[in-house]
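First the structure, in the form of structure tokens, and then the observations on it.
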């Protein structure tokens, strides 16, 4: 085992000059495939097993690991993509172009362009389009981490360490974190009101609009009603461009019915839109990508399995300890706000998970056990598009027995989700 741990995985720097394509790192594809699998599991299984769905507000469920895992592995991959940068301007142009492509694809997939599995229609009112979402958040993290790697890398070829070799990266991460914490805890949130047409209420008709008032006048509140993240999104994006079905409606205070209706007796904020991929929380999401980038440096520049694993495990345990400490002293673990404790705990979890996959796949070579995840990782974007656009579900739903409602999707929904 000791000899195996000291054997190089691949030496990118010593690839033959005739090789036109850098070999893929299997563990990266497996981890990416695991992210896609978890995404599908929580999206379709969350309605059946609520404990794996997103936590309504504070707390950590299985679904809350998916986004930071995607951001983490994007950062790891960037260390390999930009291991050698000969032309920074050209590398920056390609990175920006890639980020813009991801952002625009995300707007199409999650901006309201597709109308769900029950409607074979498309199109979105630009007054109500949702600008932010999963791919948009990944694109933001991607461009921050890519610019750090392209412009702020000052690595000594004799030494690779998380802190010493990339101190400008950590300077960027700490600066972003300071901005996030300053805005989250320092901004004053006044009372605010919003008007909802086609309200979520079960009292008013569908074409009725109602003005709700939310009492705040606080600073540093991290509840769903009066946090500064929501205020920033309402000012910058506009309330009509936020996510219309926030997960906090599953809180007991909102008393949401099984068909998604919020009673009029619920607090006013239960009716308000809120974007879990908002502007402020995208700052700490970008830090997640930068942290993943540091893990990737060990993969790109160290050739010893044991040294890589030691770096990753030590760093992961350190992040986990700090994250748990912050949670104990009062910083809630919250995915919707992407709090600092949530970022550190999920980064640590991603690092430990990747280390285990790396040991299994790249060190011991058990790729036969993870071939399905590896395939999914290689085609992760295509699978994401098919799942998010509901094209797979619509295709399955199109095959029925005698009557259109006698299809597999309708049977699953009526038997397991609405029972």
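Please read every residue number as a count from 1 along the shown chain.
Cβ from N, Cα, C; glycine included.
Under the heading domain 'Heparan-alpha-glucosaminide N-acetyltransferase catalytic', TrEMBL lists 24-146.
What TrEMBL records for 30-53 (among others) is transmembrane segment. Taking Cβ pairs closer than 8 Å, the transmembrane segment (30-53) reaches residues 61-63, 65-66, 69-70, 73, 247, 353-354, 357, 361, 370, 372-378, 380, 383-384, 387, 416-417 in its own chain, all 6 or more past its ends.
Under 8 Å from some Cβ of the transmembrane segment (65-83) lie the Cβ atoms of residues 12-13, 22, 25, 28, 31-32, 34-35, 38-39, 42, 91, 134, 137-138, 141-142, 145-146, 149-150, 285, 288-297, 299-301, 335, 342-343, 346-347, 349-351, 353-354, all in the same chain and six or more residues away from its ends. Look at TrEMBL and you will find 65-83 (among others) tagged as transmembrane segment.
Beyond the transmembrane segment (95-114), the same-chain residues lying 6 or more positions past its ends with a Cβ under 8 Å from any Cβ of the stretch are 122-125, 128-136, 138-140, 142-143, 146-147, 150, 385, 388-390. Per TrEMBL, transmembrane segment is recorded for 95-114 (among others).
Here the transmembrane segment (134-154) has Cβ contacts under 8 Å with residues 67, 70-71, 74-75, 78-79, 82, 85, 88, 91-92, 95-96, 98-100, 102-103, 105-107, 109-110, 165-169, 171-172, 176, 277, 282, 285-286, 288-290, 292-293, 384, 388 of the same chain, all six or more residues outside its ends. Sequence annotations record features per position, and here TrEMBL assigns transmembrane segment to 134-154 (among others).
The transmembrane segment annotation in TrEMBL covers 166-188 (among others).
Residues annotated as transmembrane segment in TrEMBL: 279-300 (among others). Remote same-chain partners of the transmembrane segment (279-300), defined as residues 6 or more beyond its termini with a Cβ less than 8 Å from a stretch Cβ, comprise 9, 12, 25, 67-68, 71-80, 83, 132, 137, 140-142, 144-145, 148-149, 155, 160, 162, 165-166, 169, 172-173, 176-177, 179-180, 183-184, 228-229, 232-233, 236-237, 307-308, 311-312, 315, 319, 336-340, 342-343, 346-347, 350-351, 354.
Here TrEMBL flags 312-330 (among others) as transmembrane segment. Within its own chain, the transmembrane segment (312-330) is flanked in space by residues 162, 291, 294-295, 298, 340-345, 347-349, 351-352, 354-355, 358, which lie at least six positions past its ends and keep a Cβ under 8 Å from the stretch.
Panel annotation: around the transmembrane segment (342-361), residues 26-27, 30-31, 34, 60, 64-65, 68-69, 72-73, 76, 284-285, 287-288, 291-292, 295, 308-309, 312-313, 315-320, 322-324, 326-327, 332-335, 367, 369-370, 374 of the same chain, lying at least six beyond its termini, place a Cβ under 8 Å from a Cβ of the stretch. Annotation comment: TrEMBL describes 342-361 (among others) as transmembrane segment.
Annotation source TrEMBL lists transmembrane segment at 381-401 (among others).
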